[in-house]
Amino acid sequence: MAANGAECEQPQKRLGPKDKQNGSSTDSSLRERKQLDREERLSLVLWKRPFITLQYFFLETAITLKEWTWKLWQRRGVVFLTVVLFSLFSLAYSIEGAHQEYVQHLEKKFLWCAYWVGLGILSSVGLGTGLHTFLLYLGPHIASVTLAAYECGSVNFPEPPYPAQIVCPEDEALQESISLWTIMSKVRLEACMWGAGTAIGELPPYFMARAARMSGADPDDEDYEEFEEMLEHSQSAQDFASRAKLAVQNMVQKVGFFGILACASIPNPLFDLAGITCGHFLIPFWTFFGATLIGKAIIKMHIQKLFVIITFSKHIVEQMVSLIGVIPGVGASLQKPFREYLEAQRTKLHNPAGDGAAAGESWLSWVFEKVVLVMVCYFILSIINSMAQSYAKRLQQKKYSEEKTK
C-alpha cells in the first residue's frame, strides 16, 4: 500500500513545477497589467487630458454623493438626532439673553479648534500633494506669536483682533516676563488641535488595511500592495528604505502601543506604513488611535512647537539677520528686505488697524502669500485629479470582474 501510495503521489510531483510555472506566469502578467493600468490612471490629469479628467471627476463626485446619501439613510436615526440637536443649538444661538456671552465664546473656540483640526487632516491626508499645513499655517502662526511676545513684552493680545491680527496691548501693566513656557502655553490649543487633526488623517490607511485583512479582498491600493510585497520579500531586503520600513513594521507589530507611540512622536515619512501595519495585523482601534493621538497631538507637537519658538526668539532672529549681512557681495542687499520686514512687523504690532500708519507691504510677505495661494490651487487641482483617477479605477475593476465572469 505504501508503494501504491508513492506511485499515486509521483504524477502529482511531476505536475507541480508546471503548475507553479503557470501560476507564476499568470501572476506576472496580472502584475504587469495592473502596472499598466496604474500608469494609465496616473496620466489622467488636468494638464494632459482636461476634458476626460473633468468628466471623470464629476462622475466620481456623483457616485460619492450617492454612496454617502445611502449611508446617511441607513443611519437615519443618528442623522435625525443630530438634526434635532443642531436645531436646539441654533435656537439657543438666535434667542437673545444673558447666555449669548457664553454662546459666542463657545462658538469662537469651536470654530478656532475646527479650523486647526481641518488643517491637520489636510496635512496628514494630502491626497498626494505633499501639502504640509504646518509649514504654511501653524509654523508661521507660532513664529508670529513668538516675535510679537518679545516685542510687546506680553502674550495678552487684545481679543479681538487676535487671533486674526496680533496687536500689542496698550496697557503697560499687562506686560510680563516672557519665557519659553509662556509662549508655548499661548499656542498650545491650536498646536494640539492641529496634531489631533493629523492623527485623524492617519485613520484611512488603518481602516483600509483592516478591512482588506478581515474580508480577504484585494483593495487595489498601491501602498497596501507595496506593504504585502515587503512582507513577502522581508528576508531579502537590502536597500536602506526597505530596511527602515521593515524596522517600523517590526516595532509596531512587536512593541504594540509604545511602538506606535514612538513612531507617531518622531517626525518621519513612514508613519503611513504604521497605520497599514496596525490594520493588517488587526491591532485594536483604540490602541492604534490612542497612541497616535498622544504621539502626534502632545509629544510631537511640543517638539515642533519648541523648535519654532527657539528659532524665532528675538536674539536668534537678530543674529540670523546679522549673519546674512556677512555674506560676501550680496549680503547687504539680502539683509535689507529682512530688516525692512521685521521693522514693518514691529510697526504693525504697535499700530492697530484704522490708525492710518499702515506699513508698506514687504516683498517677503507678498512672496509668501503667493506661495500659499499656489499651494492651495495645486491642492484643489490634485483633488480633481485624484477623484478622476478613482473613477478610472472603478472602470478598470469593473472590466476585471466582467472578464472573470466570462
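Heads up, the Cβ atoms here are built off N, Cα and C, so glycines get one too.
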For Glu67 and Gln249, give whether Swiss-Prot records them on the same side of the membrane.
yes
List, by number or range, the same-chain residues at least 6 past the topological domain 'Extracellular' (99-109) whose CB is under 8 A from its CB atoms?
92-93
Sequence-remote partners of the topological domain 'Cytoplasmic' (295-306) [C-beta within less than 8 Å, at least six residues beyond its ends]:
134, 139, 142, 180, 184, 187-188, 191-196, 198-199, 202, 260-267
